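Q: The structure under discussion is supplied below as structure tokens; questions concerning it will follow.
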Amino acid sequence: MAPPWLPAVGFTLVPSLGGFLSSRNVLGKGLHWYAGLQKPSWHPPHWTLAPIWGTLYSAMGYGSYMIWKELGGFSEEAVVPLGLYAGQLALNWAWPPLFFGARQMGWALVDLVLTGGVAAATAVAWYQVSPLAARLLYPYLAWLAFAATLNYCVWRDNQGRRGGRRPSE
């Protein structure tokens, strides 16, 4: 039989693992390309992103565990709150390949806006089950708003690099 703490660890780690796997495009050529883009002065330093995302992913992952546990696992009651969560997580994981891999800054922005909407719906659904679990999503929602604003500014300020055009690297 699995130890009782295993589901909590699994739910907490899944978002980070997915985020890590979807961010492979950030490394190498994607990072080189991004370094050459015009960015606003308030752009966060690259080294801050891993700890920020690690914290956000861990909080949302543990929140999903709280919902799962409160609703008795993958029950019929859990379909909406965990389904919304899975949907926003899939949208979240789609952003790095869109932005860094395909270099589609506009579509990446659309993805971020959709992610924010589904994440907000997730927080509302979670609040009905566990206000604490919902509150674990609040920093993520704030970060998504910041990230969407940053994505928009980078997209707007790099007109010649829209549409996935790849400059010489």
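Cβ atoms here come from the backbone N, Cα and C positions, even for glycine.
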Q: If you check the topology given in Swiss-Prot, are Trp68 and Gln159 found on the same side of the membrane?
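A: Judging by the topology that Swiss-Prot records, the two residues are on different membrane sides.
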Q: Provide the three-state DSSP residue tally for the topological domain 'Cytoplasmic' (27-46): helix first, then strand, then coil.
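A: Counting residues per DSSP class in the topological domain 'Cytoplasmic' (27-46), I get 8 helix, 0 strand, 12 coil.
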